[in-house]
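I am attaching a structure below and will ask some questions about it afterwards.
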Amino acid sequence: MDIRPSEISKILKEQIKNFDQEAEFSEIGWVLSVGDGIARVYGLDNVQAGEMVSFSNGVQGMALNLEMDNVGVVIFGSDRDIREGDTVKRLGSIVDVPVGPELLGRVVDALGNPIDGKGPLNAKNRRRVDVKAPGIIPRQSVHEPMSTGLKAIDALIPIGRGQRELVIGDRQTGKTAILLDTFLNQKPFHENEAGSDQDKVYCIYVAIGQKRSTVAQFVKVLEERGALDYSIIVAATASDPAPMQFIAPLAGCAMGEYFRDNGQHALIGYDDLSKQAVAYRQMSLLLRRPPGREAYPGDVFYLHSRLLERAAKLNADNGSGSLTALPVIETQANDVSAYIPTNVISITDGQIFLETNLFYQGIRPAVNVGLSVSRVGSAAQIKAMKQVAGSIKGELAQYREMAAFAQFGSDLDASTQRLLNRGARLTELLKQPQFSPLKTEEQVVTIFAGVNGYLDALAVSDVGRFERGLLALLRSDHQELLNAIASQKQITDELKGKLVAILDRYAKNFS
């Protein structure tokens, strides 16, 4: 073996020359106590509020309480392997998550890690989860419809792009079903190759404290119906630690803001915020923050307001993007006056109130039209819908009032009887099976038939059959009429004449 001293000395000189004396510094602290997902850490004197820290076993946490002699850290994971005396390292970054189109069709946890077994995300961008909401200047008032495909909502409680509309009701009243149908209703806009990017709405579903089986079922329905391709699922299930349930809505919101700030449109459903409030209460009490009403901390209102204020419609100078929020709140025994429901009602731009009684009567979606309201109103409707839906809300309100009195008196005059008959048929018309969202122009035609007396002669049980037959006829023989309503966005006298002729002919032959 030939050893050349000159070569060896040359290599050694190179290595000595390139020797780097810089060491990697990181500020570390020690765990004083740990339990219930909270660690008290000593020694992290310069840590920021909301900064990520890493424990010696690789689990991450977030510094929430900055006290004189220690730091309260919430742990994003199991605290079983963390012991007193373990080292904790500052990571120097505030909590952030991956964002961008790479997340579409994926299921991620509250920190943006994939949990669907489909491999890494390869996202090119990251965003902080807790950022300031857009100010007044970049915003624009809500004026574009955000179609849900549900007649009861699109006609009576319209939602616009950039609005925050609360879905509130007891357990098992169909709150998640409304979110699911709204997601499915965006499918035609994504399938339409000729449609512009402005018509597409990307959907984000944040599951907070749900059963894993429920989330899996939601994902399965989206996948089967081809809606997962434009959706992101953020899941912090019931078995996840409270800090994960607390941060999941903020993470989902950051993912939606990516689309909003790039001139696109996104819709986010938080299911549900009452469980996030419970998780936040648990963390706050364990961090020894003073409790307030119902033992919630004093800043639980701020928790929800800063989250929901991030839903906005931006003006043209800022890209005209939008983020629409559909927060869900679960009530106990229809008590809307509890702490969290009243908080979120006061933050949002209206609420869709679902009632158990209506649900069991077979009125589904079980929307209480009297208590539900949209504070954006007809600004979020196309003119055609305004033309037909303007009278329906008043008629239904009168019907409910009369129906209450009619229980006591049997001899009713003809006009009252007519009002009750019309109301019963309109209520029947607003029923809609799950997974069958309707296009806006189809809703307009069916409601037009209802408010113009075409249902009055029918038995209430025939209303659904009449509607299905009418829509089948229009789709097969008169698609150009539906297309005209969709493109012109109003019912002109010419279209009205054609529609009346079709309805007259159909009603005459209907049996």
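The chain as shown is numbered from 1 upward.
Any Cβ shown, glycine's included, is placed from N, Cα and C.
Annotation comment: Swiss-Prot describes GLY169, ASP170, ARG171, GLN172, THR173, GLY174, LYS175, THR176 as ATP binding site. Residues or ranges marked as site 'Required for activity' in Swiss-Prot: SER372.
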Note down the number of other Cβ atoms within 10 Å of the Cβ of LYS175 (ATP binding site), including every protein chain shown.
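There are 24 such Cβ atoms around LYS175 (ATP binding site).
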Could you name the residues, excluding GLY169, ASP170, ARG171, GLN172, THR173, GLY174, LYS175, THR176, of the same chain that surround the ATP site, i.e. Cβ within 8 Å of the Cβ centre of those residues, in sequence order?
GLU330, LEU354, THR356, PHE359, ALA366
Starting from the Cβ of ASP170 (ATP binding site), draw a 10 Å sphere and report how many other Cβ atoms land inside it.
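18, counting other Cβ atoms within 10 Å of ASP170 (ATP binding site).
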Counting Cβ atoms within 10 Å across all protein chains shown, which of the recorded positions GLN172, THR173, SER372 comes out on top?
THR173
If I restrict to non-local contacts, at least six residues apart, and a C-beta distance under 8 angstroms, what lies near GLY169 (ATP binding site) in its own chain?
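Looking at Cβ-Cβ distances below 8 Å from GLY169 (ATP binding site), excluding near sequence neighbours, one finds LYS175, GLU330, THR331, ASN334, PHE353, LEU354, GLU355, THR356, ALA366.
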Restricting to the same chain and to sequence separations of six or more, state which residues have a Cβ under 8 Å from that of GLY174 (ATP binding site).
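Long-range Cβ contacts: LEU354, PHE359, ARG364, PRO365, ALA366, GLN434.
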Going by DSSP, is GLY169 (ATP binding site) part of a helix, a strand, or coil?
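For GLY169 (ATP binding site) - judged by DSSP and reduced to three states - the answer is strand.
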Where SER372 (site 'Required for activity') and ASP170 (ATP binding site) are concerned, what is their Cα separation in Å, rounded?
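For SER372 (site 'Required for activity') versus ASP170 (ATP binding site), the Cα atoms are 14 Å apart.
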Within 10 Å of the Cβ of THR176 (ATP binding site), how many other Cβ atoms can be counted across all chains shown?
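So the number of other Cβ atoms within 10 Å of THR176 (ATP binding site) is 20.
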Based on DSSP, name the secondary structure state of LYS175 (ATP binding site): helix, strand or coil.
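Helix, per DSSP.
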